[in-house]
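What Swiss-Prot lists as disulfide bond is Cys120-Cys216, and the listing cites similarity to another entry. Swiss-Prot lists Asn20, Asn29, Asn30, Asn36, Asn47, Asn133, Asn178, Asn206 with the feature N-linked glycosylation site. Residues or ranges marked as region 'Disordered' in Swiss-Prot: 86-108. Taken from Swiss-Prot, the feature signal peptide applies to 1-23, supported by sequence analysis. Residues annotated as topological domain 'Extracellular' in Swiss-Prot, with sequence analysis given as evidence: 24-242, 369-395, 473-480. As annotated by Swiss-Prot, topological domain 'Cytoplasmic' applies to 264-279, 325-347, 417-451, 502-533. Annotation source Swiss-Prot lists transmembrane segment at 243-263, 280-300, 304-324, 348-368, 396-416, 452-472, 481-501, citing sequence analysis.
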Amino acid sequence: MNLGHWNFLLALISLQTFFNASAQISTVNNSSKGSNNSNIFHEDTFNSTSIDVLDASIHSTLVVPQTYSTEAATISGARFATSVPVQSPVDNPLDPADCSQREKYRKQPVATPSSRLRKCCPHGENLNIYRENQSDSMCDNGLLSFEPTIISAVLFDNCIEDLEVETTLDYDIGNPCNSSLLYDDKDDVFFVLQDGSLLIIDKFGNESYTVKEHYCLDIDKSGHLFAFTCVTQVEEQIAFAKVVFVAVLMLISMPCLLLVSYLHMTLRLLRNLHGLSLSLMSLCLASGYFVHSVVHIYGIPNQGFIGYVIQFCILSYFFWYLCICFNVLLNVWYKLPCCIQCSKSWATFNFACYAVFAFSGPATIVALTVQKGLPGMPSYFLQGLTESIRDSQRYFIPPVSTILFLSFLLNIISFFGFQRISGYAKAEKNIQERKCLFDQQKYEDVKKDAKCVSLLGIIMVVSWLLEIITFYSGSNSNYLILCDMVNGLQGVWVLLIFLVVRRRRTIILRWWYDRGSHEIEGTELQALSNSPT
């Protein structure tokens, strides 16, 4: 074989080697390009205006009950409100492209009728974060709208899949925590899941996420979103057995109040302006106690309409008491000194004014409560352990305290009115001729009514002070149940005060005797013969 053949053979071998190397390089390039097409994340998927989550591939570990944390997150095909650092596919080459290869998480967020989004401040108010460490906050009137992102998602072992279903949730108002941690949207992204729990995704660093069930979410006046998550869960406030016991006392008070209301509406001698006001006052308290006790005994949800009905009834009770105190003052300072004899039409007009005031006042307060999104349940059976519970009573405790204070002032003014008018009774014995005849019997009746009203006022003030002590006390001491017992027995106090006094007892016994069920003794007949008809 000559030299030319060898040269030809070497050329063929070199050409074959070149083609093989070119084929291998082409295969590697195609493989690399395909890998980049399936794993690369475009910058435009993380922009400042997007709000939906498509899916997330995340490594998950359980932290504490009802709290789940994930680390080493690889977010694929997701869009968030701000830029989130994306992990290179070279770092995690085995991560799947979606959640289909992941095991579904054992506990899933499920939307229920009771699912709520927890807002820190009432409607129309925003957070005011103050102090350097941002450890304290309060709610101020604000104009910024609160529109958090709500998603429906499925939790997998290392992945979150957005179902892209439009979801809406009602709001619960207030911070439910004894102590809390503060998150803000500078470092985290917040989403609310379909069951009302909060999904927190870390923008920077370890690319982790957390799900919290006990939290509240709101914005400050600059538009930044903040989340307060509970460090410790709220303890049970009052044992169920104690709640049932006090609720039973309320049910015992109810027939006493209904009896007072019925007798003052039925008996002609008791059916005057004072008696009708007392009747409606007792009826309002009986209605509130009945609904309140049934709700707690049977565990009926007290959010929404039922809570507002109870709030309206209890507030009406205090407003009617204020009307009764004002009626005593009106008699002492105007009707008795001026010898005013009220006609039936004037008494009807006077009662209508009382009714408008006693019902429109509570209705206005309930309307404000609804507007702010606060629960309407009164503070009975509650302890203000958290900010949300304390804030829920802003339209119950301050109004009732104000009404009782005004009633106390009216009773004091009425007392000085009695001191002033007592001179008329003494002067009547010495003066033979008077321009107008002073009604001594009416004076005695008003005086007895004033004594009963003042005694009831003392009981109401004492029971209300005990209620405030119970609400703001942070302990579960046994003496707190005694405070609630005094409140639960208010119907019994009303019965004893307004029906056991001698003149009313005599009138009731006479009414009973007319039906053949009682024999009136001589002293009672003598008292009746001296009383006006």
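Just so it is clear, glycine is given a Cβ too, placed from its N, Cα and C backbone atoms.
What Swiss-Prot annotates, mapped onto the structure for a quick look.
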residue : record                      : DSSP class
Cys120  : disulfide bond              : coil
Asn178  : N-linked glycosylation site : coil
Cys216  : disulfide bond              : strand
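Relative to the transmembrane segment (481-501), the listed stretch 243-263 leads the set 243-263, 396-416, 452-472 in CB pairs under 8 A. At the 8 Å Cβ threshold, with sequence separation of at least 6, the transmembrane segment (452-472) lacks contact with the transmembrane segment (243-263), having fewer than 3 such pairs. Counting same-chain residues at least six beyond the ends of the topological domain 'Extracellular' (369-395), those with a Cβ under 8 angstroms from any Cβ of the stretch are 119, 122-125, 139, 171-178, 216, 234-235, 237-238, 243, 246, 288, 292, 296, 302-303, 307-312, 314, 467, 470-474, 476, 484, 487. Secondary structure of the topological domain 'Cytoplasmic' (264-279), assigned with DSSP and counted as helix (H, G, I), strand (E, B) and coil, comes to 10 helix, 0 strand, 6 coil.
Each residue of the topological domain 'Cytoplasmic' (325-347) gets a DSSP state, and the totals for helix, strand and coil are 15 helix, 0 strand, 8 coil. With a 10 A radius on its CB, Cys120 (disulfide bond) counts 27 other CB atoms from all the protein chains. Same-chain neighbours of the topological domain 'Cytoplasmic' (325-347): 272-274, 277, 354, 407, 410-411, 413-414, 417-418, 420-421, 424, 436-439, 442-443, 446, 449-450, 453, 457, counting only residues six or more beyond its ends whose CB sits under 8 Å from a CB of the stretch. Each residue of the topological domain 'Extracellular' (369-395) gets a DSSP state, and the totals for helix, strand and coil are 10 helix, 0 strand, 17 coil.
Here the topological domain 'Extracellular' (369-395) returns a mean pLDDT of 80 for the predicted model. In this structure, the C-alpha atom of Cys216 (disulfide bond) lies 12 angstrom from that of Asn178 (N-linked glycosylation site).
Candidate recorded positions: Asn178, Cys216. Fewest other C-beta atoms within 10 angstroms, Asn178. Cα to Cα, Asn178 (N-linked glycosylation site) and Cys120 (disulfide bond) are separated by 14 Å.
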